[in-house]
Each structure stands twice: as structure tokens, then as C-alpha cells.
Amino acid sequence: MTIQPSDKPLLEWAGDSLAIGLFEDAVELTGELATLDQKFSGVLKELIAEEEFKGKANSTIFTRVNPGRPVRKLILVGLGKPDALKLDTLRRAAAAVARVAKKQKSKILGFSFPLWNNDPAASAQAIAEGVELALYQDIRFKSEPEDKGSQIETVDLLGFSGQEAAITLANQIVSGVNLARELVAAPANAVTPITLAETAQAIAKDYGLQVEILEKEDCEKLGMGAFLGVAQASELPPKFIHLTYKPEGTPKKKLAIIGKGVTFDSGGLNIKGAGSGIETMKMDMGGAAATLGAAKAIAQIKPDVEVHFISAVAENMISGRAMHPGDILTASNGKTIEVNNTDAEGRLTLADALVYAEKLGLDAIVDLATLTGANVIALGDDIAGLYTPDDDVASQIEKAAQTSGEKIWRMPMEEKYFEGLKSGIADMKNTGPRPGGAITAALFLKQFVKETPWAHLDIAGPVWTDKENGYNGAGATGYGVRLLVNWVLGIGE
């Protein structure tokens, strides 16, 4: 599929389907749209009246045009209130149009959308992202894939002449999102610690990044007892992934993105029981997937920022070698941890990853993880939790989320709650009381960052959706990739 800007006037464009964005309660056709309606014998006005179209956000209607016309179908999509127009409004509207056009077997699709904030580059990027994200399909594990039907071949963005770079940026970012989607969606017998390490090596080879894969023996030498405690039960070896992107010249900043990479979480000896959703625990490496997806995108975009992509990857399994409830692990910064729940393993892997990252001399660290069910209880399935003691980093992340349209909410870091993590025989326990569980998880991670500005994103909810939601189909969403890329690009401005 080719997405391209077009300087073709609306009244002269020809193709299979033409999509027009209209604001809520402003669907009266005027100016160029009125002329277009006359050209098509009043079919637009008739369609709006018959369907009682009001322009509500993401609502769509379409009609076929009489044979012999330059356009076969007209699609109207609602954009909501004009004063509420956001980039994500355009992204979601474009996704809705793309699905309609594909269902109608359109090969050539045109968009006539208004600008967000008089910014053609950002608007073109959002529309292109919406189309590409919505049309993604994962059929790798189908023995007889369903008929995909007619595919959209060309998308023209009318009125966006000169915005090739914005569309290219959208392509680069979406390539990272789709990599993350593929990794999260794949079962644990397809994506293992070995697989993720190989994926990192492939990204490095394809895009010129530096890569280092630390094996178990390397991690032992670095004293990564927390990470290795999680990994010790599995027959598969742990892999500590470190990808590095370095720009030409002196970087403006040095950043790290750390992703939780538990490729399957059985819960360990505190095994996940019936009704726990254990069959979904292939997605417990969603943070690592987003990290690798961001690496793929950033390697193509080439910002003036040095970025380290890190993940301590392992399975949390059950065997005669498994860590026991009550075991004491020593992390690589010397902190001792009483494991009172083997199913709170992600924070143990992140602990050593954070210590490792801080030694790189960074300006900021962001980790993201499918860390707690408590965050899902607090914020639901669509919103990630943002935990940080640093207001500047919080503002950067929130700004990036506004651009990407990925929902996030800053949560408190109530230091008093750390009392619940205190241990009688070690420096801390790995879990505290049930109330405030997402906060105590973030406070646990905070013990492994000394001075570097740091933020933790709990993405347990939005990493997956059970049904179609905007530009995400049912399944893995690739949450975090676009947010992280926008964070890095914002730092590099």
C-alpha cells in the first residue's frame, strides 16, 4: 500500500472511494463540498439526510455513485466538535474510513480532511498512521488464512502536497508498532528469550545499531541476582538485551528505554490458578516488545539523541530449580530482596536492568512493563499508569502521549507506602499489601535508581484489547511504541 500526498483538487480527484471528514453539527455542505455535491447530483446531501448523519466522532456512512463517475463511492466520517479536534481524532477517523474502504473492496482511496492546529505535517502523519494501524493483519498462525479480499493499494491525502516526510515518519513509526504487535501476539512457544535476542540482533543488523546480548554467565558476573532468580526455573536461558542507537556527532541527550521481558509468566511456585488468565501471559513481555519496536522506529528516524534499549528477558516457570517464596535475592546494586510472591517477578527483572542502565551515564530512563493488575483495577484497560518523582520527565511523557494518542495518567508516588515493603530479614520484600499495589510496585523500582531522572509506565491494561478499538484490532496493540518515539523526538528537538 502506498500513501502519498496529492495536490489534485478535490473536484478533479478520481478513484474508488473518496472520504470526507465533517464536524459534528456542521454537516451542511458549503463551498467546495457543495460544488462536489452538485457534481454528483446531490448524492451527498441526500445521504446526510437519509442517514441522519450528525458528524459524531468516528461515525461513518457511505454511498455508491452512479456508474461512469470518476469516484465509485463516497464515505463521510464524523470528526466530532471542531473545538475538540485532536491529532488522535484524525487518526481514529482515518482508521474508520480505512476499514470501510477495505470492506467495500476499494483499491484507490482519497482523503479530504481538515488540518489539526493548521499543521499539515502532523495532520498528514496522523492520517497515515490511522490507515496503516487499522489495516494491520496478523495471519501467521492460520493454516488456511481467511480470504483477505481486495486490498487498498493507493491512499491519496488531498491538500497535503509536500508532506512526503510526514508520511515517511508515519511509516517508520508504524513499522515499530507492528513489530511490537507481532511479538506480543505470538505464543510463548514462538517468542522466547532466544527469539527476542535474535530479534534485537536482526534490528541491529538491518539498521546499523550496536547490540550486546549478555548471557547467564555475564549476568552472574554483574551480580544480577534478582533477574537470575526469576530465570532459574526455566529450561530456556535468560538473555539480557542491550541495543544502542547513536546519532552522528554529539548527541543532545542520552536516554534509556527499558522493557519488561517475561516471555511467559506461570507465576512460579505462587502459580497462577484457574481464572487467572494464565493463558494470556504470553503478553507479559509487552514492555520488551515496545522497546524493540521503538528501537526499530528510532533507528530509521535517526534523531540527534543517543538511546539505549534494554530488556532482561526470561521465563517465570516452575521446576525443581524454581525460586521459593521466602527466598532472598541480591540485586546488582547490593540490595537484598525477600521474595514473598514469585508472581511479582517483573519488578525483579527490572531492578537489575535499571541498575545496569544507570551506569551508562544517562539523562533520563523510562521503563515500561505489564507490571500489575492493580493498575488495571485503578485505570481500566485503556490507560497506562505513569509513576515518577520527576515533574520534568512526567511533562515530557504526558506531551508525548498527547501527540501519540495513547492514554496515560500520572499516579502518586506515596513514599509512606514503602513501609509495606519492609522486610524483617532483607532490605525489602518484592510485594506489599494489596491496597495501592501499583504504587508499591513503582516504589520498589525506585530503589534501583539513584540519581537519574526516571519514570515507570505500567502498561498492563492497554497492551492488549479483546475487541476492535479505534485503530487497534482485537489483540496486541503495540502500546507504548508511538509514545516512546515521540518522547525521544521531543527530547531531540
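Every residue, even glycine, has its Cβ placed from backbone N, Cα and C.
Counting only residues at least six positions away in the same chain, the Cβ atoms of Asp265, Ser266, Ile278, Met281, Asp343 sit under 8 Å from the Cβ of Lys272 (active site). Annotation source Swiss-Prot lists active site at Lys272 (among others), citing sequence analysis.
In three-state terms derived from DSSP, Arg347 (active site) belongs to a helical segment. A simple way to gauge crowding: the CB of Arg347 (active site) has 26 other CB atoms within 10 angstroms, across all the protein chains here. Marked as active site by Swiss-Prot: Arg347 (among others).
A C-beta separation below 8 Å, combined with a sequence spacing of at least six in one chain, links Lys260 (Mn(2+) 2 binding site) to Asp284, Met285, Gly286, Gly287, Ala288, Ser311, Gly346, Thr349, Leu350, Asp367, Leu368, Ala369, Thr370, Leu371. The Mn(2+) 2 binding site feature in Swiss-Prot is assigned to Lys260, Asp265, Asp284, Glu345; the stated evidence is sequence analysis.
What Swiss-Prot records for Asp265, Asp343, Glu345 is Mn(2+) 1 binding site. According to DSSP, Asp265 (Mn(2+) 2 binding site) is assigned to a strand segment. Asp265 (Mn(2+) 2 binding site): 26 other CB atoms within 10 A of its CB, across all protein chains.
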If you count CB neighbours within 10 Å, which one among the binding-site residues Asp284, Asp343, Glu345 has the smallest count?
Asp343
Whose Cβ lies within 8 Å of the mean position of the Cβ atoms of Asp265, Asp343, Glu345, the Mn(2+) 1 site, other than those residues?
Val230, Val262, Ser266, Gly267, Gly268, Asn270, Lys272, Met281, Asp284, Asn316, Thr342, Ala344, Gly346
